[in-house]
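Scroll down for the structure; my scribbles are underneath it.
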């Protein structure tokens, strides 16, 4: 009787440890996943801030308009505009 009670308690303790370990791994995984998603969002925001969009004020000597969108800084208007013909 004492042996069976001891085995039952040991089994419950082992089950508790295994469940707790798997639950903490799931939490770590979800935290890592969430932090990686947020890191991707932060990187995309950083890229958006590096260049100026259409119609934004700019300095022709330091052209910061988005080259990927074919924008250049107009010397006349000092605004980002689309470059036509290139």
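Quick reminder: no glycine exception, Cβ is built from N, Cα and C everywhere.
The feature signal peptide is assigned by Swiss-Prot to 1-21, with sequence analysis given as support.
Look at Swiss-Prot and you will find 51-66 (among others) tagged as disulfide bond. Residue 51 (disulfide bond) carries neither a helix nor a strand DSSP state and counts as coil.
Under a cutoff of 8 A between CB atoms, and with a sequence separation of 6+ in the same chain, the neighbours of residue 73 (disulfide bond) are 58, 59, 60, 63, 64, 65, 79, 80, 81. Taken from Swiss-Prot, the feature disulfide bond covers 58-73 (among others), and the record attributes it to similarity to another entry.
Residues or ranges marked as disulfide bond by Swiss-Prot on the basis of similarity to another entry: 65-80 (among others). In the three-state DSSP scheme, residue 65 (disulfide bond) is classed as strand.
Using a 10 Å Cβ-Cβ cutoff, residue 84 (isoleucine amide) registers 7 neighbours. Under the three-state DSSP scheme, residue 84 (isoleucine amide) falls in the coil class. According to Swiss-Prot, the feature isoleucine amide maps to 84.
Non-local contacts of residue 66 (disulfide bond) by the CB criterion (under 8 A, 6+ apart in sequence, same chain) comprise 51, 52, 53, 80.
For the recorded site, residue 58 (disulfide bond), the DSSP three-state label reads coil.
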